[in-house]
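Presented below is the structure to which this report refers.
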Amino acid sequence: MKLRRGVLRAALALVLLPLLTPAGAVEPISLGLAIAGAAASALTGFISYPRLYCYFRECCLHRHDRRAAAALQENLDKKLFGQHLVSKVVVKAVRGFLNNTNAKKPLALSLHGWTGTGKNFVSKIVAESIYKRGLQSKYVHQFVATLHFPHAHSISLYKDQLQSWIRGNVSICPRSIFIFDEMDKMHAGLIDSIKPFLDYYELLDGVSYRQAIFIFLSNAGAEKITEVALDFWRNGRTREDIQLTDIQNALSVSVFNNKNSGFWHSTLIDRNLIDYFIPFLPLEYKHVKMCVRVEIESRGYTVDEDIVSRIADEMTYFPREERIYSDKGCKTVDAKLDYYYDF
């Protein structure tokens, strides 16, 4: 950090020198030669010092691997509620992948659960942990099935475009991140067009994809996740007792056999190219209240527990008899706050 600041000050000093030097104090020719020589030296150092260059412009893999993992852990701990499996698996998976200098394939994470449980939120945090601009980074690419692939009759065209997009962006930045949302609405078979990029190939047409990250978001499998969570609740066990092994295998089978999912009989599952199927548990009443408090604080207001409870009470819960889980998670918290606060 000290070195970077020192080089930065030197570069700024060279720019400001002609403005700060009194007229006639230095011979113009001598001054010009001095500035030219010093500037050339500073420029050489600037170009050869990637972190300083990245201070001014976004670079591929903006943060150091350890800093990215630390940022990911911190943000998940502070901002994600009721998802102990997600926090544990995502941090370990991403940290291990970033620290692996000889990965055999890209990292592929598949996030599953009901709407409002945090899938989009977590993909956003992963992007922000690696690139400061997060989803706005030119190295992070987000696809929404209903927006980018809306027409079933254009699947062949979509396949060609998707492959070209991935190939071109990974050629520019090996650590590109690709996020596919609404996988349950994606045409069956389209996602298989990227199968070669996720496989164990060292190079494809001269390009390595082994540093890229692919994240898939889907509601598929949410019923199976809820089934497991309910079984634990009915047997008097807490949601924190649920382990990944209790869900992951059943989840992958459920998603593979779901005709309404882009993973329907997908070779990505059949060939074990998805590294982790990550279940997002349905959120309970207490988690909704946590979301409300954080949203109020983020807007700079003092938390009013009466309003927190009223908003949580307005949510609908399932199953109908037990009323344990919010059917929309925390998705509508923001809109409901607008009703109670004059922002």
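One is the number of the first residue shown, and numbering goes on along the chain from there.
Placed from the backbone N, Cα and C atoms, the Cβ positions cover glycine too.
Look at TrEMBL and you will find 1-25 tagged as signal peptide. The transmembrane segment annotation in TrEMBL covers 35-56. According to TrEMBL, the ATP binding site annotation covers GLY113, TRP114, THR115, GLY116, THR117, GLY118, LYS119, ASN120. Under the heading domain 'Torsin-1A C-terminal', TrEMBL lists 283-340.
The structure, with features from TrEMBL marked on it.
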residue	record	Cβ neighbours (10 Å)
GLY113	ATP binding site	26
TRP114	ATP binding site	22
THR115	ATP binding site	15
GLY116	ATP binding site	22
THR117	ATP binding site	31
GLY118	ATP binding site	27
LYS119	ATP binding site	26
ASN120	ATP binding site	17
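What surrounds the ATP site, by Cβ distance within 8 Å of the Cβ centroid and not counting GLY113, TRP114, THR115, GLY116, THR117, GLY118, LYS119, ASN120, is the set PHE121, ASN219, PHE280, GLY329, LYS331 from the same chain.
Each residue in the domain 'Torsin-1A C-terminal' (283-340) gets a DSSP state, and the totals come to 32 helix, 5 strand, 21 coil. In the predicted model, the domain 'Torsin-1A C-terminal' (283-340) shows an average pLDDT of 93.
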